[in-house]
Amino acid sequence: MSTLVLAIFIPFLAAAIIPFLYKYLKNIHVGWFAILVPTGLFIYLASLIPAISNGEVIVQTINWIPSYGINITAYLDGLSLTLALLISGVGALVILYSIYYLSSKEPIGTFYTYLMLFMGAMLGVVMSDNMLVLYVFWELTSISSFLLIAFWYQRKRSREGAKKSLIITVSGGISMLVGFIMVGSMSSTWSIREVIANVGSISDHSLFIPAMLLVLLGAFTKSAQFPFHIWLPDAMEAPTPVSAYLHSATMVKAGIYLVARFTPVFGGEAVWFWAVTGVGIFTLFWGSFNAVRQTDLKALLAYSTISQLGMIMSMFGMGSAALYLGYSTESVVYTGATFAALFHLVNHSTFKGALFMVVGVVDHSVGTRDIRRLGGLITLMPVTFTIATVGSMSMAGLPPFNGFLSKEMFFVSTLEITEAGFFGLGTWGIAIPIIAWVASIFTFVYSTVFVVKTFLGPYKEEKLEHPAHEPNPGMLISPIILGMLVITFFFMPNVVGENLIAPAMNGIFPTFASEGAELGTHIHAWHGFKPELFMTIGVILFGVFLYLTRKYWSGIYNLFPEKWSINTFYGFVLDQIEDKSTVITNKYMTRYLRDYMVYIFAFFILAIGGIFIFTEAYYFTLPENAPISNFEGLVILAMMVAGITILFAKSRLTAIVLNSILGFGISILFVLFRAPDLALTQTIIEAVTTVLFLVAYYFLPELDREDTTKKTKSVNLFISIGVGVVFTTVALGVQGNKAFDTISTFFENSYELAGGKNMVNAILGDFRAFDTMLEVVVLLIAGIGVYTIIRVRAKKESDQIEDK
Amino acid sequence: METLVTILAGVLVTVATYLLLSKSLIRVIIGTAILTHAAHLVIMAVAGLKTGTVPIVGEGDPVDPLPQALILTSIVIGFAVTAISLVLAYRTYQELGTDKLDKLRGNPDE
């Protein structure tokens, strides 16, 4: 019944099993087991396509914390299914690829465990209807990404890349959580579906805009939007299958998914439109502009991913304009941008996945990814070259590849949005198509660089680690499949469009769908001689021109020196936080017991004493006192004198004798207080303690005069008296106010219940026997502790972790 | 009686606190021992003193046995704590040559 919820948890289950498989099945690459999970999930999810494309949605709930309305609700509509298919489909291909990429000598058991952890978390993100559950899965993807980036944790750069990605994405995640809580408190539900259904009631709330911005912050950090994009290039330290999977095809799309999911909530607001579109379009430009200057193939692809994510993001922003107008025949036109965004989301996963795998193949074959050392691989690696060309041309937006279709649709949307007469688009709208077009030229340039620099030109074997050769055919299967999809989607785009994207559109524009709008666009490769075609032709012409004249204008990058980059700023902030917090911490963490004791006692005085004074809660009535005989008075007086004299004891022997007087005095008091057991125990223990002190004194130095200053002494005295006064007042107050009846009458039946006439013994040996047993264990541990502290000598520390 | 015992406990707490704030490890250890005594006295006082006979069945109306059981446990644990602290002080002195807490701060660059 709840197979969908189960689907989310199967990868987690696999993550738990894989370490054991890895340990006990040495002969088989553990990836062959791991691959079963995404393959199975893909088949299962694919079997749901007909139902979803008929407009159904699947909802299954398992209660988790029902009293707070937090339940694991798996919710599958077109949008979730699209993402889920990408996660499982690309996941299967990546695992297949990784089987050949990672040798069994690497700790692949942990690798596949983390990968499964990620897969489950990511499925959870796209299928959760509950915002808080979504948040939990969201952070789990950040954590598994952290673990995977640091897979080669011996390398310093891996560790730093992992740390950077974690800090940025988790900070965003936490702000998103705050946004979710705001949305939840506005609409008093955690269910996204219910929020969407009642969106009208919250859009005037004063927290509406803050909540929107906080949620967007989460989405932008996760999807590497400017200025948070800096973690993605550093994340490329991960093994290439991870880069292909997490950092291009799936995890970085989580932010985009979030924007899509919340479009029906926040869309139609000018702030949302400009934040999403503006950040997206600028990221598109900035990413593609910086990709051109990269010399590492993976860094190039990282910036390219940033750029493409910005493009998808901006399209979701433009699509949201339709919600401002409400449903009408004119406004439907703007939803085309959202359609294009979803289509490009799928396309990007196919061609970028293939390109990352190509880089992995090249790196694996020749041992470098530096384009200054590569070249001329076309004749030696023809299959790899073909895939790279297909992927790059799709990325550049050329026919006959799927990127062409979505790029054209993107151009159409940018042009249409300039004609909208709201949100100040009349003045600023024209910037959108211009930036988009310029960015596309740079996209063309870096796509060309990617292919030409790697595969054409002279072959420089002396600069390579190994001579070039085609890899194991198994490593080519996945990129070939993705490359074929790139072409297939070009010729049959409507298979995807009608079955997945159209239902997804209904989820993003529910108000439109309920009016019966046709939200699915029929995708054509040929639109006739329209502006978008001329834009593409312009991109090619200017792209070729810029590529050829690269030498002459590359000086432009010197306008953005390293000193002023966001990366430097990030490092600066981090260093400052570390330095300042060290300074502050060192101020109060003095490594001196007395200071810590002062903090504790001062807090005690202020908190307990302060509460009594400020709340005026304190009152006490002195209880009816038992009479005091002369003898008792004398004992107590002696103890007070002994206690105070300890403070002035010059020799340690005096101190211990006075301490013994206290101990034996208490024994006498126990006798007087009708507690013979206590008196006996106290006498014995006091005797042993005194002996112990004397033995210890044999080894310890004589008490010196305390060379503390007068000031410190008076502070100490002040605190001590403060503690004593607060303690005494509380103890007196407690005596006068008995809130509950004593439970001790129960123990008076000790003979019937436990067969013992001595109630204290019965309590210790029977009613609370476990307590006594554990007490004996404590004594045992203390005994072992005493023995080891005396006997065991410390060994010199060795084996520090390598830090290069 | 109860008030007097409570005040005695208060005095002992003051003394113990002062000792805990001192530099010498031995004084700190004595301080913990005295703190234990004070706690025991207060527990006794809160339950009421001399309200009956010894807590043995058949001896008449007994005093509250529960605090006694609690204190009995505490005496033993207090002993274990004192023993462990003494041995720690002994080892500290052996290894580092001082029992002054202000000198036991470790290296600044650690």
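From the backbone N, Cα and C atoms, a Cβ is placed for every residue, glycine too.
TrEMBL labels come from automatic prediction, so no person has curated them.
According to TrEMBL, the domain 'NADH-Ubiquinone oxidoreductase (complex I) chain 5 N-terminal' annotation covers A:64-112. For A:128-420, the entry in TrEMBL reads domain 'NADH:quinone oxidoreductase/Mrp antiporter transmembrane'. The domain 'MrpA C-terminal/MbhD' feature in TrEMBL is assigned to A:638-702. The domain 'MrpA C-terminal/MbhE' annotation in TrEMBL covers A:715-798. The feature transmembrane segment is assigned by TrEMBL to A:6-25, A:72-99, A:165-187, A:244-264, A:339-362, A:374-398, A:473-492, A:533-549, A:656-673, A:679-700, A:715-734, A:772-790 (among others).
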- prompt: So, do the transmembrane segment (A:244-264) and the transmembrane segment (A:72-99) meet, by the test of 3 or more Cβ pairs under 8 Å (sequence gap 6 or more)?
  reply: yes
One stretch in A:64-112, A:128-420, A:715-798 has more Cβ pairs under 8 Å to the domain 'MrpA C-terminal/MbhD' (A:638-702) than the rest, namely A:715-798
Given the transmembrane segment (A:339-362), its same-chain partners at Cβ distance under 8 Å and 6+ residues beyond its ends are 79, 82, 86, 90, 93-94, 97, 101, 240-241, 243-245, 248-250, 253, 256, 260, 297-298, 301, 304-305, 308-309, 311-313, 315-316, 319, 369, 374, 377, 381, 384, 387-388, 390-392, 394-395, 401-403, 405-407, 409-410, 412-413, 450, 454, 471, 475-476, 478-479, 482-483, 485-486, 489, 493, 496-497, 500-501, 504-505, 519-521, 523
The mean pLDDT across the domain 'MrpA C-terminal/MbhD' (A:638-702) is 90
Per the Cβ under 8 Å criterion, with at least 6 residues separating them from its ends, the transmembrane segment (A:72-99) contacts 2, 4-5, 7-8, 29, 31-32, 34-35, 38-39, 41-42, 45-46, 48-49, 52-53, 57-64, 111-112, 115, 119, 122-123, 126-130, 133, 191-193, 239, 241, 244-245, 249-250, 253, 257, 260-261, 342, 345-346, 349, 353, 357, 360, 474-475, 477-479, 481-482, 500-508
The domain 'MrpA C-terminal/MbhE' (A:715-798) resolves under DSSP into 65 helix, 1 strand, 18 coil
Taking DSSP helix as H, G and I and strand as E and B, the domain 'MrpA C-terminal/MbhD' (A:638-702) has 54 helix, 0 strand, 11 coil
Secondary structure split (DSSP) over the domain 'NADH-Ubiquinone oxidoreductase (complex I) chain 5 N-terminal' (A:64-112) reads 32 helix, 9 strand, 8 coil
